[in-house]
Amino acid sequence: MPAEIGGRRSEQGDAVQEYLPPIATHTLLLVGVVFFGWSVAELLFLYLVEVAVVHLVFVTVALFAAQPMDSDNLDERQREPETIRIGSLLPPVYRRNVQPVRHYLILGGMYLLPLFYAVAQFAEGGLRSLLSPTVLLAILAVCLAQLARARRRIFVGQSYRSQSPADAIRIGLRPVYELIIVLLFVVVPVTFILVAAAFAVGDIESLTLVLIAYVVPIGIARTWLQNGGLTVTLRHEG
């Protein structure tokens with residue numbers, strides 16, 4: 001019974017921790033809008049940075065997962081895996097994981113790089129104008145938070161020994177898919193509502209209110225998607 005209770009608490013703790021990244025990110029965006037006067041371009045840039053960091057970190061750490069991607073392939077499970085040592089502080093990289101990791105990194109890049117380019121073109125001063133000190137600090141915070149999250153999910157307690165690359169890759173792909181859903185089902189409707197409101201009552205003078213009108217529903221949608229609202233399937237799984 002104590003072990004069962006402990007396991008249940010652990011699962012609840014993991015569920016709560018999965019809520020935290022989108023909540024923390026959008027709280028940070030709200031603070032940036034209200035106190036630092038971040039522009040639309042800066043908000044979009046930071047959102048894309050978070051998506052890119054999660055994708056890069058978790059798809060990359062899939063290299064260390066010890067279990068095969070195709071769990072139904074008996075030959076794959078029985079074959080001694082070929083490993084590569086890249087340092088004494090890290091577990092070995094499994095060569096069989098390189099191909100799916102490369103595939104999904106490229107896939108994420110194909111989605112994200114055009115969006116980064118579009119945001120850089122949208123910003124008045126180009127990419128350089130987006131890298132203010134407060135934005136750089138926010139990027140650093142996002143990077144450290146996601147590295148800590150990856151360490152907790154993959155490396156603490158040698159969890160990588162019982163995981164396949166799919167476990168980490170799904171986490172890395174989730175925000176990319178979330179981004180597409182958010183653009184279609186949150187950003188477009190909110191934009192329509194704001195445009196309709198502007199026609200009905202005149203121009204909305206407060207840019208801060210407009211930005212908050214985007215940040216809050218996007219944060220709510222991402223939190224819901226984190227709680228099982230989005231299922232990620234992989235082509236390489238058996």
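Each Cβ is built from the backbone N, Cα and C atoms, and glycine gets one as well.
Quantities reported herein were computed from a predicted structural model and do not represent experimental measurements.
So that you can see what the record holds, here are the features copied from TrEMBL:
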- 20-38: transmembrane segment (TRANSMEM)
- 44-66: transmembrane segment (TRANSMEM)
- 104-123: transmembrane segment (TRANSMEM)
- 129-148: transmembrane segment (TRANSMEM)
- 179-201: transmembrane segment (TRANSMEM)
- 207-225: transmembrane segment (TRANSMEM)
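Contacts between the transmembrane segment (129-148) and the transmembrane segment (20-38): present, as 3 or more C-beta pairs lie under 8 angstroms, all at sequence separation of six or more. Here the transmembrane segment (20-38) sits against the transmembrane segment (207-225); at least 3 CB pairs are under 8 Å, leaving out pairs fewer than 6 apart in sequence. Sequence-remote contacts of a segment are chain residues at least 6 beyond its ends whose Cβ falls under 8 Å from one of its Cβ atoms, and for the transmembrane segment (207-225) they are 19, 22-23, 25-27, 29-30, 33-34, 38, 40, 43, 47, 174, 178, 181-182, 185-187, 190, 193-194.
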